[in-house]
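The disulfide bond annotation in Swiss-Prot covers CYS4-CYS25, CYS11-CYS33, CYS15-CYS35.
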Amino acid sequence: GFGCPFNQGACHRHCRSIRRRGGYCAGLFKQTCTCYR
């Protein structure tokens, strides 16, 4: 979701928009957008 697995930048922007420091694509096939604080 949120751009993953192909557009990690979209995931990162989504995470920034919910006041996280950023995000990356995680999981077996990089299909999950994971935010970090």
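Glycine is treated like the rest: Cβ placed from N, Cα and C.
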CYS4 (disulfide bond) in three-state DSSP notation: coil
Inter-residue Cα distance where the pair is CYS33 (disulfide bond) and CYS4 (disulfide bond), in Å: 6
Other CB atoms, at most 10 A from the CB of CYS35 (disulfide bond): 19
Length of the line joining the Cα atoms of CYS11 (disulfide bond) and CYS25 (disulfide bond), in Å: 7
Same chain, 6+ residues apart, C-beta under 8 Å of the C-beta of CYS33 (disulfide bond), given in sequence order: GLY1, PHE2, GLY3, CYS4, CYS11, HIS14, CYS15, GLY23, TYR24, CYS25, ALA26
Neighbour count (Cβ, 10 Å) for CYS15 (disulfide bond): 20
Per DSSP, three-state class assigned to CYS35 (disulfide bond): strand
